[in-house]
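The disulfide bond annotation in Swiss-Prot covers Cys107-Cys186, and the record cites sequence analysis as its basis. Look at Swiss-Prot and you will find Asn21 tagged as N-linked glycosylation site, backed by sequence analysis. The feature region 'Disordered' is assigned by Swiss-Prot to 399-421. Look at Swiss-Prot and you will find 1-35, 94-108, 174-202, 301-318 tagged as topological domain 'Extracellular'. According to Swiss-Prot, the topological domain 'Cytoplasmic' annotation covers 60-71, 131-151, 224-280, 339-421, on the basis of sequence analysis. The transmembrane segment annotation in Swiss-Prot covers 36-59, 72-93, 109-130, 152-173, 203-223, 281-300, 319-338 and rests on sequence analysis.
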Amino acid sequence: MDSEPSWTATPSPGGTLFVPNTTTPWLGRDEELAKVEIGILATVLVLATGGNLAVLLILGLQGHKRSRMHLFVLHLALTDLGVALFQVLPQLLWDITYRFQGSDLLCRAVKYLQVLSMFASTYMLLAMTLDRYLAVCHPLRSLQQPSQSTYPLIAAPWLLAAILSLPQVFIFSLREVIQGSGVLDCWADFYFSWGPRAYITWTTMAIFVLPVVVLTACYGLICHEIYKNLKVKTQAGREERRGWPKSSSSAAAAATRGLPSRVSSISTISRAKIRTVKMTFVIVLAYIACWAPFFSVQMWSVWDENAPNEDSTNVAFTISMLLGNLSSCCNPWIYMGFNSHLLPRSLSHRACCRGSKPRVHRQLSNSSLASRRTTLLTHTCGPSTLRLSLNLSLHAKPKPAGSLKDLEQVDGEATMETSIS
């Protein structure tokens, strides 16, 4: 007697995972809805590719001046570009041809790369958030080992994505949609009927639910730390307005009284650091908004026997499967929105140091150290003028050059403020 046939599932309209195939696969599809899918995927492909290439170009022109935050954004752009090229593009071609056109090896490779890009993009965002958590809540640890703590956080998402995507290679294969029909497609194959439900639930937990829980916890702690920081600075300001005869160092010491040891030496959070926290927070919100419909529909498709399937004409169901890819479109534009000053600076980088004489400005600004403000001399070159910005301190001892370098690495953009006048 032959063994029980394996349970099969077909790719979803999103193409990354699958939904159960409960209809006769030879009936074709809704061509009008397919045109809408193709239009959406083509738009996502253009926006995601163009936006992430622009970010890579901007950061590439920064050269060795990239901060640790820029390194995370660089790799996030690479993962999002991977989503565009290895997930959206194959699915676009697949929707155009309807059936998968390629060998069994190509089928497995496409499915592997599609999920790898999802894992890498999600975990890179998670690593970037963890870096902001360490920079805000544990600044001393970041100061002691600035580079050692950065590269493992960047390498871990790529390694985890490569490992966790391996099941796709064994689940998907090129096979006949109906035995003896001669029509081939890249389908998932499970021996047990509960296989799709278990696999979809696992991927939803690994790519969406657990990362969102960690992201929420990190930002809860970050917001709590910023709130304590603002409370301390407000109290210090009130004491100064009362006319207490205190020097800057003693005022800072009073301000840090009662704070935990990890922030007692660095009692204020710089504006640049807060800006990077805001940027990462907006990227996280965009990620949740884009991927929540996708994974909700995936879970619905395997846990509800009456859910629509891949050949359904339910427009809302089909479009929801495509929304997750919008996250890779939003990320580069969010980054450029928070760092709009980098675009003209990068484009004018090669025309630097020409024209008139530099003009020097003395500028007093709040540093990331309340009691250890450091003098920074930075410059940026524009088409016509060169501006030098000085952050001066009148009540602090000079810091060693090595310490200053560490501070700049931890703070993302540190306390440098450059502009083109």
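From the backbone N, Cα and C atoms, a Cβ is placed for every residue, glycine too.
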Two-stretch contact, the transmembrane segment (36-59) and the transmembrane segment (319-338), at least three Cβ pairs under 8 Å: yes
Interface-richest range of 72-93, 109-130, 319-338 toward the transmembrane segment (152-173), CB pairs under 8 Å: 109-130
Leading stretch by Cβ pairs under 8 Å, where the reference is the transmembrane segment (319-338) and the options are 72-93, 109-130, 203-223: 72-93
Surrounding CB atoms that lie within 10 Å of the CB of Cys186 (disulfide bond), all protein chains: 24
Confidence summary (mean pLDDT) of the topological domain 'Extracellular' (301-318): 72
Neighbourhood of Cys107 (disulfide bond), C-beta criterion under 8 angstroms, separation at least six: Phe100, Phe172, Ser173, Leu174, Cys186
For Cys107 (disulfide bond), the three-state class that DSSP assigns: helix
Secondary structure content, the topological domain 'Extracellular' (174-202) (per DSSP, counts of residues): 8 helix, 10 strand, 11 coil
